[in-house]
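Q: Features from TrEMBL:
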type	residues	note
TRANSMEM	18-37	transmembrane segment
TRANSMEM	49-70	transmembrane segment
TRANSMEM	90-123	transmembrane segment
TRANSMEM	135-156	transmembrane segment
TRANSMEM	194-215	transmembrane segment
TRANSMEM	227-246	transmembrane segment
TRANSMEM	284-301	transmembrane segment
TRANSMEM	307-322	transmembrane segment
TRANSMEM	453-471	transmembrane segment
TRANSMEM	483-506	transmembrane segment
TRANSMEM	511-532	transmembrane segment
TRANSMEM	538-561	transmembrane segment
DOMAIN	593-788	domain 'YrdC-like'
Amino acid sequence: GSLLLAVHFYSSSRASPLIPSTALGVLLLILSSLLAYTGIRRSLRNASLFLSLCLTVSVFWCGYGVVFILEGEGILEDAGDFRNALVPGLVTFTLVLLIIAVVGFLCSEVILAMVASAISLASAHEVATHYSPTFGSSAVACNYMVVCLAGGYFGLGRMLWFLTKGKIVLPGTDLAVRKTHEPTQPTSGSLNPFAATGLMLNVLSASVFGCRLLGVTGKLFVGQVPWLWAAGIYQIGICILSYRAMDVLMATSFGFTSILKLAGGYSLLHMIWQPEEPTFPTPFLVVFSILFAILALFLTFRSPLDGLYLLFYLAFCIALACRPKGFFEGGPQGVAVAIFVASALMTLVHLYNGEAKTQIPTGKAAVKALLARSSFLKLREGSDLHAPYLGYSKYADAEVLGYACSVLASFAMTVTGDPQAPLATVVIPWVVAAGGILKFLGGSVAFARGKTLESSAFILYAVMWVIWGLTRYGGLYGPTRSFHAAVGIISFMLFNGFIVFCTLFLNTAWFFYSLTFLLIAISFLLDSIQALPDGYDIAATLIFGLVSFYCFLSALSSSVFEGSYLPMGRALVQLSGMGGGSTKCPHLPARKASSVKRIADILKNGGTCGIPTDTVYVLVAACNRPDAVEKAHQSKRQAQDRPMSLWISSLKQLEPAKHLFSPILWDFMEAAWPSPISLVIPRGRWVDFLGMKDSAKYVGTPQSVAIRIPDCSVTTHLIDLVGPIVVTSANPTGEADTTHHNQVYAKLGNKVDAVLCDGPSPENIASTVVDCTKIDSGNIGFFRVGIVPKSQVKPILVLVLHL
């Protein structure tokens with residue numbers, strides 16, 4: 001990419017440049033997408049400065065490329081248009097890349113710092129060339145050549161390291177020293193590596209309006225839309241990645257600010273088809289201010305500095321609400337200048353704290369110490385903070401953003417559309433971006449977390465907001481209202497009726513949330529057939545908006561604090577295994593010895609429990625409790641070709657019956673265990689020594705029994721307390737294995753009495769089952785090849801046979 005730009009600036013003095021502007025723009029767009037992919041892929045292994053550099057240069061070249069395309073296609077017609085379009089972005093990336101360079105030098109990331117500083121200097125020289133002819137474009141090209149040389153050196157060093165298997169390492173190209181930064185599964189208290197990039201995007205959007213106020217650019221026009229929309233689209237991506245980093249509050253804040261960026265770009269684009277500057281709906285911006293204020297308050301409990309920073313956006317929304325022309329007036333532009341400075345400082349803080357061993361104080365420790373003294377408020381922390389309903393998820397919960405978008409979209413719809421000038425009031429970006437794009441994002445994350453009903457509702461409502469927002473405020477009706485739109489709305493209402501029915505089994509808040517959306521749908525229906533009564537729109541909006549606002553507060557408080565300060569309520573209809581029944585089944589942490597003892601007591605008293613193992617979660621019962629074994633057998637709908645197996649904690653439990661086993665089989669068991677290898681051995685009188693009594697008929701087949709010693713300290717300790725246990729997989733017969741403690745109750749319901757919780761399974765593959773019924777002849781078979789391959793089992797037999 002830098003080589004392309006170096007060639008462009010070296011040849012810019014010619015009558016016809018070597019690379020046409022349109023071609024250069026397209027190439028920069030392709031390279032920006034590759035850079036974004038590189039940064040995101042690298043972030044999965046190493047949250048380093050490399051991530052921030054890649055994403056920053058990616059958004060730079062994305063907006064830069066689109067501006068070149070506009071210039072090449074003749075859209076930027078006036079003499080100063082190209083300069084007015086480029087300068088806000090160049091100013092931004094001069095500053096943010098300089099920040100990356102400073103942090104890189106301070107943290108000994110020399111190569112990355114050189115690349116960042118060279119691109120920063122290139123952007124600064126390019127700004128100078130637009131305002132003073134004494135600055136030649138050759139200086140810009142020279143800086144990009146420095147980037148080429150630094151990148152080539154780093155690439156050569158990595159190639160040599162790979163080809164020589166680490167024997168030749170050029171200085172500054174060894175990534176081994178960075179492996180200490182590799183993160184474990186992030187929790188709510190861990191640093192969000194994507195926050196710095198999100199803050200840089202806030203600098204970019206603020207620069208567009210700040211440059212206009214300070215006279216750096218002559219006007220606001222379509223040439224600056226690429227910067228605003230690139231920042232908005234990338235910030236939606238940062239929002240998703242922040243959910244991946246388990247940072248609900250920062251993800252929500254980036255979702256909010258992305259709406260403002262997309263709306264700003266729409267406002268500038270609006271002037272293409274209507275020369276008058278658009279007006280902004282005051283009710284929506286007042287509500288947006290309230291949401292920003294509440295989010296800032298809750299974010300202060302996590303990081304006071306981040307919470308104070310959000311107050312700038314609160315002031316920005318208030319300034320927009322006070323000025324009818326919004327982004328085009330001096331008040332909002334003045335706040336944008338303040339946001340530019342504050343975002344740059346916050347970028348420096350987040351970048352430095354993410355790389356350096358010493359930290360710039362953000363107030364987290366002080367707030368945490370203060371709340372530790374409070375008996376009323378207690379912060380939610382720990383690895384189980386974002387545990388989903390149906391197992392392990394890589395994303396935090398996005399319901400806070402989903403409910404907030406419902407509030408925003410509903411209050412945006414209070415504006416009455418003008419059939420003669422449907423685009424004169426800025427409503428489409430609020431409805432489409434908030435109610436559509438971000439609500440769809442929330443539904444997708446909910447689906448990834450196993451919330452099938454909530455995700456279906458969010459996605460349905462997102463589609464509804466987009467279609468109706470574009471139809472009502474985009475001038476798509478034409479001179480007469482469309483009857484076909486009414487038919488489509490009725491079909492949406494029928495589907496939402498099904499969702500309302502399902503929420504009866506979920507909780508009270510969701511029931512009223514889906515029910516009140518029917519009022520919005522009825523409003524859409526009446527408007528499409530020109531039968532909307534005066535005031536109904538506002539009444540429906542207020543009702544749905546207030547219900548959504550309560551859900552927003554409830555989800556926000558539950559994501560920050562322990563306890564249910566604003567409960568969502570119980571299910572209106574209670575059924576066995578549904579709607580709040582999870583409280584009947586204790587979920588105990590496996591790391592506590594008291595939890596293992598409690599599980600042992602439940603098993604001794606005839607209960608069945610889900611427990612973690614060295615492979616997947618299993619359902620167990622005590623061998624000496626036939627009633628419990630029968631219960632486990634019936635709860636699984638156990639198939640005859642998949643009999644239950646037997647687990648012990650040590651061969652000492654079989655010592656009294658050792659004379660009943662052949663020497664080869666005994667030696668093989670001794671060599672193979674403990675491990676995820678189940679051995680199917682001939683049934684015999686040895687079973688009676690384990691005290692199985694009447695429960696023996698449920699274990700194995702009349703000819704054989706599967707037995708093993710698991711390679712899991714928690715499981716073997718439990719067996720020491722209880723005695724031999726009968727085991728089966730913790731899922732209905734024929735379904736996938738259970739790989740997280742949350743899935744046990746979700747799949748088996750009231751049929752399990754307790755669950756020992758240890759998070760995600762260490763493996764997603766079940767044990768290997770070996771047929772040892774003919775081992776005396778020197779042969780073994782395999783009923784199932786699981787986590788241990790045949791190539792590791794057969795050498796054990798060879799070793800035993802040669803002893």
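Placement of Cβ uses the backbone N, Cα and C atoms for every residue, glycine included.
Caution: TrEMBL annotation is automatic and unverified by curators.
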Q: Looking only at residues six or more beyond either end of the transmembrane segment (49-70), which have a C-beta under 8 A from one in the stretch?
A: 1, 21-22, 24-29, 31-33, 35-36, 38-40, 42-43, 76, 82, 85-86, 89, 93, 96-97, 100, 103-104, 107, 109, 112, 115-116, 119, 193-194, 196-197, 200-201, 204, 222-223, 226-227, 230-231, 234, 238, 351, 354-355
Q: State the non-local partners of the transmembrane segment (18-37) in its own chain: residues 6+ outside its ends, Cβ under 8 Å from one of its Cβ atoms.
A: 1, 4-5, 7-8, 11, 54-55, 57-62, 64-69, 71-73, 234, 237
Q: Do the transmembrane segment (227-246) and the transmembrane segment (453-471) come together with 3 or more C-beta pairs under 8 Å, pairs six or more apart in sequence?
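A: As far as Cβ distances go (cut-off 8 Å, pairs 6 or more apart), the transmembrane segment (227-246) and the transmembrane segment (453-471) do not touch.
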Q: Averaging the per-residue pLDDT over the domain 'YrdC-like' (593-788), what integer do you get?
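A: Across the residues of the domain 'YrdC-like' (593-788) the model's pLDDT averages 87 on the 0 to 100 scale.
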